[in-house]
Structure formats: structure tokens, C-alpha cells
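Pulled from Swiss-Prot:
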- Glu70, Asp95, Asp122, Asp145: S-adenosyl-L-methionine binding site (BINDING)
- Asp145: active site (ACT_SITE)
- Lys149, Asp181, Thr216, Lys217, Phe218, Glu219: substrate binding site (BINDING)
Amino acid sequence: MTDTAENQTQNNWQAEHPRSIRSFVLRQSHMTAAQQRAIDTLWDSFGIDYQATPADLDANFGSNRPKILEIGFGMGTATAEIARRLPETDFLAIDVHGPGVGNLLKLINENHLENIRVMRHDAVEVIENMLQDGSLDGIHIFFPDPWHKKRHHKRRLIQAPFIAKLLPKLKTGGYIHLATDWEEYARQMLEVLSSFDSLQNTAADYAPTPDYRPETKFEARGKRLGHGVWDLVFKRMG
């Protein structure tokens, strides 16, 4: 796919999926030949097409292992590493960025990973229309765009209405794991999650980084800039 074709695909996607305020932008980035080849050859095995009807995740994965939703995986490096570290857990990874989708599929193939399925779609629509209540054992959202300008804060993904959409999909005892390198956003995340009676913080405030989460490029970048990194892990109690 050429840059022009990729950009046209993104423009078509935006036209077909209008929403007043989005937490992401469709970056017009170059799709490498290897990334496009991965999409062309591996999507049928590891990709899931969006449908506006409830999905059977066990059927999609061919297993009844625990299911983790990962929203916004970037280039997929951390996602592939987490899946490698947790082979008895299935990961549904969602992003709208074409090169990232292609790269994650490439990593799945190179690392012989059977426990990842990939979607290229708006996560909000997937949550609303495809995921059944009580179908998830965990949710990972690592380094979402902080939209640091105050006038853009309304675009931040982690807000109460979004968490309210997620909670019914999470099993009792399931968890939400967030991470950010933006301190003010970390405070907002803590405030939002703490506002739900059905969620219990696993730490006094911010959690130690779990062993399964590798350092991402965003985390490394933040550390180089002198930023801290904050993990939050909350469990659903009921």
C-alpha cells in the first residue's frame, strides 16, 4: 500500500465512523512493505474484522483462556512481549494505526505467538457493540495520548463515561491496568478510577509496575525527558 492509498483508507475510515470527539488521531504514516505483507498474509489468521454484533472471543481465539483487552498498542512491541511472557492468556489488541497493525502481525509471526488477535477499529465501537458483558479478565491501556493542552483534555480516553462503558465487560475480580508518563494525566486517571465504587485500587495510589509489563518506547522516552511513569491497577469487586 502506498502512502497515498494508506491516507485514502484513513480518510474513508473517518467518513464511515463519525464521532464528535475522538481520543485518537489517524496518523498518516508510511506503511512499510513488510508491514503491508504481514496484513495481506496474516490477517485471516490473527485479525478480527469489526462487526456490530456480539463476538464469541473463545471462538475467535480457539481457546477458553483468560482474555485481556489491550487498547492502543502502538507498534505492538510491548504487546507481543507481554503475550510471550503470559502464554496462557489471550490478548485482543485494538488500534487504528495501520503500520502498527502490520508490525504487530509481523511480530506475532516472528515470535510464533498464538495468543494475540488484532483489530483495526475504534475501540469504543468495539466495546459498545462487540464485547459481551463479563467477557474480559483484564484491560490494558498503556500510555494513551495525554492531550496535554488544556483545551484538548476533553479528548483524553480515560474519563468516567469511557470507564463506565468498560466496567460491564470486565468479570468480577478482573482488573484495569493503566500506565502514563504524564503526571497530571496520572492524577486524572487515579481520580476517575477511584470514583467507581465497584473498583478497588490494588495500591495506596500508584502501583508498582507488574512483572508482565515491559518498558515501552513511550516509557523510555519519558524517562529520557525526566518524566516519571505511573501505573494504576484497579480490580472490579462487583
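Backbone N, Cα and C atoms are what each Cβ position is placed from, and that goes for glycine too.
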To which of the binding-site residues Lys149, Lys217 does the lowest count of other Cβ atoms within 10 Å belong?
Lys149
For Asp181 (substrate binding site), which of the binding-site residues Glu70, Asp95, Asp122, Asp145 has the nearest Cα in space?
Asp145
If you skip the near sequence neighbours and keep only those at least six away, which residues in the chain come within under 8 angstroms of Glu219 (substrate binding site), Cβ to Cβ?
Phe143, Ala179, Asp181, Val229
So if I draw a 10 Å sphere around the Cβ of Asp122 (S-adenosyl-L-methionine binding site), how many other Cβ atoms end up inside it?
18
Expressed in Å to no decimal places, the gap between the Cα atoms of Lys149 (substrate binding site) and Asp95 (S-adenosyl-L-methionine binding site) is 23
Which of Asp95, Asp145 (the binding-site residues) has the most other Cβ atoms within 10 Å?
Asp95
